[in-house]
Amino acid sequence: MSERDTICALASGAPPAAIAILRLSGPQVRMLAEQHLACGVPAPRHATLTDMTDADGALVDRGLAVFMPGPGSYTSEDTLELYLHGGAAVIAHALATLTAHAGVRIAEPGEYTRRAFEAGKLDLTEAEGVADIIEAETRAQKAQALRQLGGGLSETYATWRTELTGVLALVEVAIDFPDEGDAPDNTTAPILKKLDRVISEIKSALGDGGIGERIRDGFRVAIIGAPNAGKSTLLNRLARRDAAIVNSAAGTTRDVIEVRRVMGGHVVWIADTAGLRATDDEIEAEGVRRAEQAARDADLRLFLVDGAAPDTSALSTDYKTDTDLVVLNKSDIGSLPPGIVADHVISARSGDGVADLEQAIAAFVGRQAASVEAPVITRQRHRARLEDGLRSLETARDMLAEGVGAELAAEDVRMALRQLGSIIGTVGVEDVLGAVFSEFCIGK
Ligand SMILES: Nc1nc2c(ncn2[C@@H]2O[C@H](COP(=O)(O)OP(=O)(O)OP(=O)(O)O)[C@@H](O)[C@H]2O)c(=O)[nH]1
Ligand SMILES: [K+]
Ligand SMILES: [Mg+2]
């Protein structure tokens with residue numbers, strides 16, 4: 001994408017709608033206003049009622065135009081917003097009129113925000129916050145996105161970068177003026193102290209239980225149990241639709257089937273899985289492998305036990321935790337064998353007890369979400385780079401502590417600075433930018 005192009009796009013929702021907002025940004029915005037708006041270039045930051053005409057002078061529509069001159073605009077370029085009637089023909093006519101000019105084209109996904117980023121109006125985590133707030137479906141997602149686009153993450157990363165820049169300066173001094181006869185402790189002790197502080201802060205951010213990512217992407221709940229326990233029946237009840245095949249034959253489900261719900265104000269992915277048992281059937285065995293993987297990946301497991309034919313072997317798997325729920329199913333016909341305590345007794349078929357189970361799931365995700373006040377990591381991208389950064393810092397720390405080569409330690413601190421920089425985008429890596437901005441919708 002060329003910086004010189006003027007971009008335009010529908011910024012509002014799909015037609016038909018009451019109003020369509022067309023957004024223009026770039027060097028030809030004033031020219032376009034002069035040629036196509038009866039009012040010419042509108043007074044900056046005022047809504048001006050005007051006719052828009054095409055190259056032949058035919059009326060495109062009548063609406064409001066708002067001009068925001070650069071550099072005080074979102075993209076830092078001249079921008080124009082047109083508020084037209086939100087019909088498909090209006091939008092098509094308006095966009096065709098604008099893009100008939102050389103150097104004027106439809107914007108790519110996220111291109112306005114990318115221009116804002118390139119102009120230094122926001123950093124990469126703030127730009128991600130813009131994408132996230134558009135995607136947000138729960139209030140928790142929205143709150144997290146708002147915090148992020150307001151610089152809530154940037155601040156933390158900037159603080160670490162400042163501290164590491166200070167560490168680097170001290171290490172460089174140690175390189176230039178190696179201690180003569182001094183115990184190495186005298187020069188390295190203060191460096192190690194600073195370095196350790198950043199390391200422990202990064203570790204505690206990484207040890208957040210993935211809550212920021214869960215709030216953004218959803219919590220994971222897996223239904224686990226023996227064949228025919230009624231897992232798919234329960235999934236369908238929780239999904240409120242026939243998402244999975246239910247059958248009296250054991251070994252019906254093979255693939256992991258996920259449904260999405262909002263529970264307790266959070267997005268929750270509920271996974272139905274293959275019944276756990278030893279089998280010679282190659283396909284079913286692969287299903288069991290996937291079931292166990294889904295169980296390990298989940299934040300919460302529902303261990304479903306068939307009350308009519310109790311098989312509790314799944315309860316002794318190594319991925320069962322104290323917060324997982326043991327759920328006795330088929331309360332309409334069965335009961336729990338002595339010695340097993342169930343957290344819930346339900347009938348997936350009749351729905352008995354399922355409302356209580358749903359409340360327990362909602363309460364669980366609510367507790368999890370509240371366990372970290374303001375997560376610094378909201379995407380896998382942040383986590384991966386931060387883990388890399390931590391490794392570099394620990395290497396630097398060990399080298400300094402052992403007194404081997406301050407030069408090498410300095411290189412690792414520089415590496416960590418780059419890794420942190422790539423999170424906020426000060427280290428511009430083209431493929432990172434491409435990946436981040438391609439997630440956006442067109443017009444943002
Ligand atoms: N009476 C009764 N039958 C149930 C209940 N839940 C499920 N069933 C029946 O149990 C059988 C198995 O149900 P599924 O939901 O397919 O069980 P599953 O655990 O998904 O089975 P696999 O995918 O084969 O592991 C079906 O015939 C269901 O109708 C229940 O609460 N009460
Ligand atoms: K079945
Ligand atoms: Mg099933």
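For all residues, glycine too, the Cβ spot is worked out from N, Cα and C.
For reference, TrEMBL has these:
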type	residues	note
BINDING	Arg23, Glu81, Lys121, Lys444	(6S)-5-formyl-5,6,7,8-tetrahydrofolate binding site
BINDING	Asn228, Ala229, Gly230, Lys231, Ser232, Thr233, Asp272, Thr273, Ala274, Gly275, Ser347, Ala348, Arg349	GTP binding site
BINDING	Ser232, Thr253	Mg(2+) binding site
DOMAIN	218-366	domain 'TrmE-type G'
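Feature annotations (TrEMBL) mapped to structure.
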| residue | record | contacts (Cβ under 8 Å, 6+ apart) |
| --- | --- | --- |
| Arg23 | (6S)-5-formyl-5,6,7,8-tetrahydrofolate binding site | Cys8, Ala9, Leu10, Ala11, Thr79, Leu80, Glu81, Leu82, Ala107, Tyr112, Gly443 |
| Asn228 | GTP binding site | Ser248, Ala249, Ala250, Gly275, Asp306, Ala309 |
| Gly230 | GTP binding site | Leu304, Asp306, Asn329, Lys330, Ala348, Arg349 |
| Ser232 | GTP binding site | Ala244, Ile245, Val246, Thr252, Thr253, Ile257, Asp272 |
| Ala274 | GTP binding site | Pro227, Gly251, Thr253, Arg254, Asp255, Val256, Glu284, Gly287, Val288, Arg290, Ala291 |
| Lys444 | (6S)-5-formyl-5,6,7,8-tetrahydrofolate binding site | Ala11, Pro109, Gly110, Tyr112, Thr113, Val130, Ala131, Ile134 |
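The maximum pairwise C-alpha distance among Arg23, Glu81, Lys121, Lys444, the residues recorded as binding (6S)-5-formyl-5,6,7,8-tetrahydrofolate, is 19 Å. Proximity of the binding-site residues (Arg23, Glu81, Lys121, Ser232, Ser347, Arg349) to ligand 1: a Cβ under 6 Å from the molecule is found for Ser232, Ser347, Arg349. Per-residue pLDDT, averaged along the domain 'TrmE-type G' (218-366), amounts to 95 for this model. With a CB cut-off of under 6 A applied against ligand 3, the binding-site residues Arg23, Glu81, Asn228, Ser232, Thr253, Ser347 are reduced to Ser232, Thr253. The most densely surrounded of the binding-site residues Glu81, Asp272 is Asp272 (count of other Cβ atoms within 10 A of its Cβ). Cα of Lys121 ((6S)-5-formyl-5,6,7,8-tetrahydrofolate binding site) to Cα of Ser347 (GTP binding site): a span of 55 Å. The record assigns Asn228, Ala229, Gly230, Lys231, Ser232, Thr233, Asp272, Thr273, Ala274, Gly275, Ser347, Ala348, Arg349 to the GTP site; their largest pairwise CA distance measures 19 Å. Residues Asn228, taken from the binding-site residues Lys121, Asn228, Asp272, Lys444, are distinguished by a CB atom under 6 angstroms from ligand 2.
The 10 Å shell around the Cβ of Ser347 (GTP binding site) contains 21 further Cβ atoms across the protein chains shown.
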